[in-house]
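**Student:** Below you'll find the structure I mean.
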Amino acid sequence: MGMEGLRGGGHGAAEDGGERWVEDSSVDYQGRPPLRAATGSWKAAMFIILIEFSERLSYFGLATSLMIYLTKVLHEEMKFAAKNVNYWTSVTTLMPLLGGFFADGYLGRFSTVLLSTLIYLAGLVILAIAQLSPRLKPDHNLHLHETLFFVGIYLVSIGTGGHKPALESFGADQFDDGHAAERVQKMSYFNWWNCALCAGILLGVTVIVYLQERVGWGAADVVLAAVMAASLLVFLAGWRHYRYRVPEGSPLTPLVRVVVAATRKRHLELPDDANQLYEVKPQNIKKRLLCHTDQLRFLDKAAIVEHGSGEERRGAWRLATVTQVEETKLVLAMVPIWVATLPFGITAAQVSTFFIKQGSVMDRRMGPHFTLPPASTFAMAAIGMMIAVAVYDKILEPYLRRLIGGERGISILKRIGVGIAFTIVAMAVAATVERRRLRSPSPAAMSVFWLVPQFMLMGIGDGFALVGLQEYFYDQVPDSMRSLGIGLYLSVIGAGSFLSSQLITAVDSVTSHGGRAGGWFGKDLNSSRLDLFYWLLACIGVANLVFYVVVATRYSYKTIKTGKVVDDKAGDVECAAAGAGY
């Protein structure tokens, strides 16, 4: 569908070389091989980054005030409001996996972004109408207003599910991995993508929250809808400059075929020479071929050529290429990394819950006439992330490139590990500050700016870990499932939030002896021991960091063939790792 459904003839890329034409599997808006000077890179990415800014502005403008709206405007009880927030967050977190699947396999990334943005915009318009129409306001018809409100926010949730994985991967698609200069630019792309993300968060939790409290919820919704509509027009204005990917069906089917083929041939012996395994010739395809690795060697049996009669022995469910086998290995190798980053997701969940709750019971006065809204304290984490990303991109990474050599300052997994370490320190600082608050003669008089260090440290940790996770799950998945890879990155945060809720329930049950005594979580913060919970998270983080280092040091990065393949076999080729070793 859309631009990515177009196919066409070539421009004679082979004779002009890779400098003039982009020779990966992308096409331009007419379905032809893209002209490098006219498409892609930053000239296209800037259109895409702008719409991400507007999406994060809308999302955090709504999400950080959702609990307040449900309790103060819709008059829901605290437990029902919390349940509704958790349901909405869960749907919003899981939808990117579904959205990424359809973007990669069927709709194409451009079409998915366009469709999901229209759904997102429809949700914002419904929210604005429900606020501004006199007959739909909660004081006139609470039931109808509540129905429209939930329809609106769940349309936003569905829109986010397609928007987040497709847009980020579509932006990264504008940089050619086979071109040295564009490959370096892609590393910066993920940094500046997150700067735009943080800018949207920053304005969402300050300007939009201020409009909600001082002007009205309807005015805030109108502003969000207008910004989203304007960014959509800007996104469409860049359509001639984009590089598109043609969807090729379910990205999961080739992985299943490899497992089935390997199982069918489980009794066969693997050849001593990996060059005897089946691989296609690269002359007539644009797909990047992968080098053979010795990990999960059982799967190599899928690429054994059976010398017998019958087409069934060379069918898609009987024989796989080395590249297909290696892509399956890549996905399976991601599972330990995904598991090892879940405690980071648990820690990150505290920023939008307990950190903000702490701020709500502290002194938030900024002068005689202004009081900082509780949700706006989240801005400190966004500022910390923006500072970390800018310093890393402009100072630290160039210095490390000169010091270490190569295109990348430090490897992707090392960057994630540094971010995890920062979040552990943030938990220790948060525990210390909360202990001081509890011991203060007047806890409510303690300034909210005592929370700046823990917010900033979490933001810096995100600047390393979150950006690293985005790049890792985009870069290391098979090329055909990169939107789904972004969905996997988002699932780390979603699963971390879910595990955080389960951990709180378990800790509360243990420390309160099943509800028979006061535990770590009382009726309010002053009767709770949030400091001990933070110390628990810090200890879990330390233990997990050791596990993460072990897993990361054993990880093998995707290796791309840069030489030639002759006679359907993997010949004498050079392999380039898509990321440095840990």
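The first residue you see is number 1, and the count goes up from there.
In case you wondered, yes, glycine gets a Cβ from its N, Cα and C as well.
For 1-12, the entry in TrEMBL reads compositional bias 'Gly residues'. The feature domain 'Major facilitator superfamily (MFS) profile' is assigned by TrEMBL to 44-556. Among the features that TrEMBL reports, region 'Disordered' is placed at 1-20. Annotated transmembrane segment per TrEMBL: 57-75, 87-107, 113-132, 192-211, 217-239, 330-355, 375-392, 412-431, 451-474, 486-504, 532-551, in sequence order.
Set these features in their place in the structure for me.
**Tutor:** Beyond the transmembrane segment (57-75), the same-chain residues lying 6 or more positions past its ends with a Cβ under 8 Å from any Cβ of the stretch are 81-82, 84-85, 88-89, 120, 124, 127, 138, 142, 145-146, 149, 153, 156, 160, 200-201, 203-205, 208-209, 212, 217, 220, 224, 227-228, 352, 356, 375, 378.
Same-chain neighbours of the transmembrane segment (113-132): 2, 51, 55, 58, 62, 99, 107, 145, 148-149, 151-163, 166-167, 170, 216-218, 221-222, 224-225, 228-229, 232, 235-236, counting only residues six or more beyond its ends whose CB sits under 8 Å from a CB of the stretch.
With a threshold of 8 Å between CB atoms, the same-chain residues lying at least 6 positions outside the transmembrane segment (192-211) that come near it are 49-50, 52-61, 64-65, 168, 171, 219-220, 223-224, 373, 375-376, 378-379, 382-383, 385-386, 389-390, 393, 459, 463, 466-467, 470.
With a threshold of 8 Å between CB atoms, the same-chain residues lying at least 6 positions outside the transmembrane segment (330-355) that come near it are 63-64, 255, 295-296, 377-378, 381, 413, 416, 419-420, 423-424, 426-427, 430, 451, 454-455, 458, 461-462, 465-466, 469, 472-473, 476-478, 488, 491-497, 499-500, 503, 530, 533-534, 537, 540-541, 544, 547-548, 551-552, 555-556, 558.
Residues 168-169, 172, 187, 190-191, 193-194, 198, 334, 337, 341, 344, 347-348, 350-351, 355, 358-359, 362, 377-378, 380-389, 392, 412-413, 415-416, 418-423, 425-427, 429-430, 433, 482, 485-486, 488-489, 492, 579 of the same chain lie 6 or more positions beyond the ends of the transmembrane segment (451-474) yet place their CB under 8 Å from a CB of it.
Packing against the transmembrane segment (532-551) from elsewhere in the chain are residues 336-337, 340-341, 343-344, 346-347, 350, 354, 416-417, 420-421, 423-424, 427-428, 430-431, 434, 504, 507, 520-521, 582: each is 6 or more residues past its ends and has a CB under 8 Å from a CB in it.
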**Student:** State the residues, same chain only, that lie 6 or more residues beyond the ends of the transmembrane segment (217-239) and have a CB under 8 A from a CB inside it; answer 'none' if no residue qualifies.
**Tutor:** 3, 29, 44, 46-48, 50-51, 53-55, 57-58, 61-62, 69, 73, 110, 113-114, 117-118, 120-121, 124-125, 127-128, 131-132, 208, 211
**Student:** Are there residues at least 6 beyond the ends of the transmembrane segment (87-107) whose Cβ is under 8 Å from a Cβ of it, and what are they?
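**Tutor:** Hits for the transmembrane segment (87-107): 1-2, 63, 66, 115-116, 153-154, 156-158, 160-166, 169, 247-252, 480-488, 490-491, 493-495, 497-498.
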